[in-house]
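**Q** Have a look at this one.
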């Protein structure tokens, strides 16, 4: 059982840089497992000596509740009545037979190693409607005449809004819910303060450090503090909820670069838009976090860049902070100014309505049935839904659209002669060289030497780019909406074109072209649309003029083009 439980914690060899590091981490994992076994053995021994019923501990594991008890050396002895306290409303609602662990959270830092929490059996039925709704009662609760030791609303022993903060300081939040943990792990959470503190994850450790350094602001007992209005957005007061939000955000994105400088700070984000008191009822429930689409796009872009750096060192190994900030256009310089995309192709209203109908249609059993089949590519509703906003395009959609571009050039003689390979061409060329793709043009019944432009989608695991062999302009082009370096793309294209044309076309004076003012994406989802639309513009020999703001409309046009098998 122990081996199965710790299987996910063991270090895999491919996660380590060297074999010595793998052996070192493996020994550390075995040592931690041995220490955990010893700790559980001591835990069972303590519970056996104190005669604590094992059957009741399943209910209390990991749910220690603070109280104002001042005992630091209490024994694990069951009582028949729950202690009465004027702050008993802070505790969870209990039912008959519910067991709680009561300890002094305010003096938890002064506990010695031999101190133990008190386990008490509560057999009273507390009222489920027990709330403080009267502002006067709340004012009296924190009045100077009160016999409590503090008037601070952020005190762990007093403030319901700070209860979650004080609990997170000592009791970790495991990856699984407490009821799914093993008995030994739950016993550790209920008995050992040192053990629970040491098992904090990195994110929770950062959160605990931030909370411990938090200096609460004095609380005034004026009735004005109990209004239903939201706090002043420009206030400098740092509430516990705001503290947890900041710490959680830092812990979640600490591995990403430039997060601190890229996030746009708004004066309305200085405090949480939620009242500090849980028991104050309000007619309006404002959102706790104001997350705009810009922030979501920024996070998705950061994650995309991180994945590209991890998986594709060829194209993104030379990136630095300055390059990324220039790409984002937040701190150093704005992104290239592009004119608003003006549709040059006819887009009928009925085609738009059909596209919106399919895009808004919910997934069903019939979603696996092809909507249209052409070029030996079936397009299902699931494939078409990749053209929804914030979705990645799949191979079927991109291949179908590239075939539409090739077919249009054959029908309309006024357009340049172009051919588009599918999404697997560059992967085969990269892995096997010309030998892996030497029959592709023959199967497509095209002569590459006669084509004015050849389009090759470049797939970088989680990112789409477009490479072009532009014979009419005598250059090899690379279009990347993230402005990444081309890597070996130009060399592979040059070698392929020379081998495919058998030297009939002289490419010695051809240039490697990258447009510094090319359209750039500002999220982590639209790279496929950028690549396809770039190929469509080059196939008509028109400037590549569109921007991130045009993506919703371009997605609809691509969906309509696929449904009607005609580019709009």
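A Cβ is built for glycine as well, from the same backbone N, Cα and C atoms used for every other residue.
Copied straight from Swiss-Prot:
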- 64-127: region 'Disordered' (REGION)
- 66-77: compositional bias 'Polar residues' (COMPBIAS)
- 83-96: compositional bias 'Basic and acidic residues' (COMPBIAS)
- 116-126: compositional bias 'Polar residues' (COMPBIAS)
- 463: active site (ACT_SITE)
- 480: active site (ACT_SITE)
- 527: active site (ACT_SITE)
**Q** Helix, strand or coil: which one is residue 463 (active site) in, per DSSP?
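**A** Reduced to three states, the DSSP call for residue 463 (active site) is coil.
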**Q** Do you know offhand how many angstrom separate residue 480 (active site) and residue 463 (active site) by C-alpha?
**A** 9
**Q** Validating a neighbour-count step here. Other CB atoms within 10 A of the CB of residue 463 (active site): how many?
**A** 25
**Q** Roughly how many Å lie between the Cα atoms of residue 463 (active site) and residue 527 (active site), rounded to a whole value?
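**A** Distance between the two Cα atoms comes out at 6 Å.
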**Q** Which chain-mates of residue 527 (active site) that are at least 6 residues away have a CB under 8 A from its CB, listed by sequence?
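**A** Within the chain, residue 527 (active site) has Cβ neighbours under 8 Å at 304, 392, 463, 464, 465, 481, 482, 521.
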**Q** So if I draw a 10 Å sphere around the Cβ of residue 480 (active site), how many other Cβ atoms end up inside it?
**A** 27
